[in-house]
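One structure is given below, encoded as C-alpha cells.
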Amino acid sequence: MAKSHRCGWVVLMGPPNAGKSTLTNALIGQKVSIVTSKPQTTRNRIIGICSEDNAQVIFMDTPGLHHDKNQMRGPLGKQMIQATWQSLSTANAIMMVLDSDLYIRKPEFLERDIASFKMAFAQEERPVFIIVNKVDLFADKAKMLPLLEKLHEDLPKATLYPLSAAQKDGIAELKKMLIDAMPEGEPQFPKDQLSTAPTRFLCAEIIREKVFDHLRQEVPYTTAVDIEHWEEIPEKNQTIINAVIYVARSSHKAMVIGRAGTTIKEIGTLARKDIQELIGGKVHLELWVKVKENWLEEINLYTEEML
Ligand SMILES: Nc1nc2c(ncn2[C@@H]2O[C@H](COP(=O)(O)OP(=O)(O)OP(=O)(O)O)[C@@H](O)[C@H]2O)c(=O)[nH]1
Ligand SMILES: [Mg+2]
C-alpha cells in the first residue's frame, strides 16, 4: 500500500431531521441509511464506508438528538443518545449537520438546537465541519448570511460548509476536504464494502422507513421491525422474508394495517421493491403486525451489533 493512503472515521451528528442520513447516503453514493420526513428516524449508529484509490473514510450516521430531553426518554432514547456520543468519541473529524432553511425561518430555534453540541465542541482539537444543509430550499443565498455569522461566532474554529445533500450539490468538494482531514493509514475495511450493517438489519430498516412514510404522528415512534424468517432459494433466485411490525397498541395495529389492508399492502410493495434492489434478486415479503405493549422496554428488538 502506498504511504500516502489516508483512512479515518467521521461522525455525522446534529438535531433530528437535519439531513444526516441523506448526507451519509450522498457521500457513500448508495443508500445505507433510511431517510424520512419525520424526525428521529435513525435509531442506531449506521456505518457507511467510502473508498477511493488513496483513501477510505468511514462515516458514522447517528440518531438526531432532540433538544427536549423528554423526547429521548426510556431505553430507546438512551440507546440513541449513547450511539451518538460514543460515535463522537471515536471520530477523527466531526460533521454537525443543520437544516439551514429551518433556522432562516425560525432563527430563535438555533441556540436551542445546538446548545449541547456547542458545549461538546468548545475545546475540540479535531476538525469540526458545520454542514449548513438544504440550501436548495431558498433561491436568495444572501438569506443565509445571518445564520453563517452566528455559527461563526459560536464556533470560530469550525469550517462552515453550505450544501444540499438531497441534490448532491457540494458533495464531491466536501469529500475532498474530509479526506484531507484524515490521518494516514491503511484501509480498515475491504474497498468494496459499503456498510457494516447486516443485510437483515438493512431490510428491517427499509420496512421501518415505509412505516414512517405511511403513518402519522406518534405511530411510527411506537413501532419496531423484526425479521423472523429469512430463506434463500438459489434455484429460483428468490429470498423469502417474513417480518413482524411490532406496535405498542391495538389501535396502532389497525392503523398499520389500514382499511381493508391497504396501508400494509403499500408498505409491503414499496419495501419489497427496495429490498430487491438491495439484495439483487426476487423477494417474497410477508408482513405481520403484532401488538407488544412493552416492546420499547425490550432493547434487543432494536439493538443490532454492527461492528
Ligand atoms: N430540500 C432538502 N431536503 C433535504 C435535504 N437533505 C435532507 N432533506 C430532507 O430532510 C428530511 C430528513 O432527512 P434525514 O436524512 O432523514 O434527516 P436525519 O438528520 O437523518 O434525521 P433523523 O435520523 O431523524 O435525525 C427528509 O425528508 C429529507 O428528504 C436537502 O438537502 N434539501
Ligand atoms: Mg437519520
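Every residue number used here counts from 1 along the chain in the order it is shown.
Placement of Cβ uses the backbone N, Cα and C atoms for every residue, glycine included.
TrEMBL tags one of the stretches 40-44, 235-239 as region 'G2', and that stretch is 40-44. Annotated range for region 'G3' in TrEMBL, selecting from 61-64, 105-108, 185-188: 61-64. Of the listed segments 133-136, 149-152, 297-300, TrEMBL assigns region 'G4' to 133-136. Here the domain 'KH type-2' (215-293) is broken down by DSSP into helix, strand and coil counts: 36 helix, 31 strand, 12 coil. Using DSSP to sort the residues of the region 'G4' (133-136) gives these counts of helix, strand and coil: 2 helix, 1 strand, 1 coil. Of the recorded ranges 40-44, 61-64, 133-136, the region 'G1' (14-21) has the largest number of C-beta contacts under 8 angstroms with 61-64. Taking Cβ pairs closer than 8 Å, the region 'G4' (133-136) reaches residues 18-19, 22-23, 97-102, 144, 162-167, 169 in its own chain, all 6 or more past its ends.
Outside the region 'G3' (61-64) by six or more residues, the chain places 11-18, 20-21, 24, 32-33, 39-48, 80-81, 83-84, 87 with a CB less than 8 A from a CB of the stretch. Under 8 Å, Cβ to Cβ, and six or more positions away along its own chain, Thr62 (GTP binding site) finds Val11, Leu12, Met13, Lys20, Thr42, Arg45, Ile46, Ala83, Thr84, Ser87.
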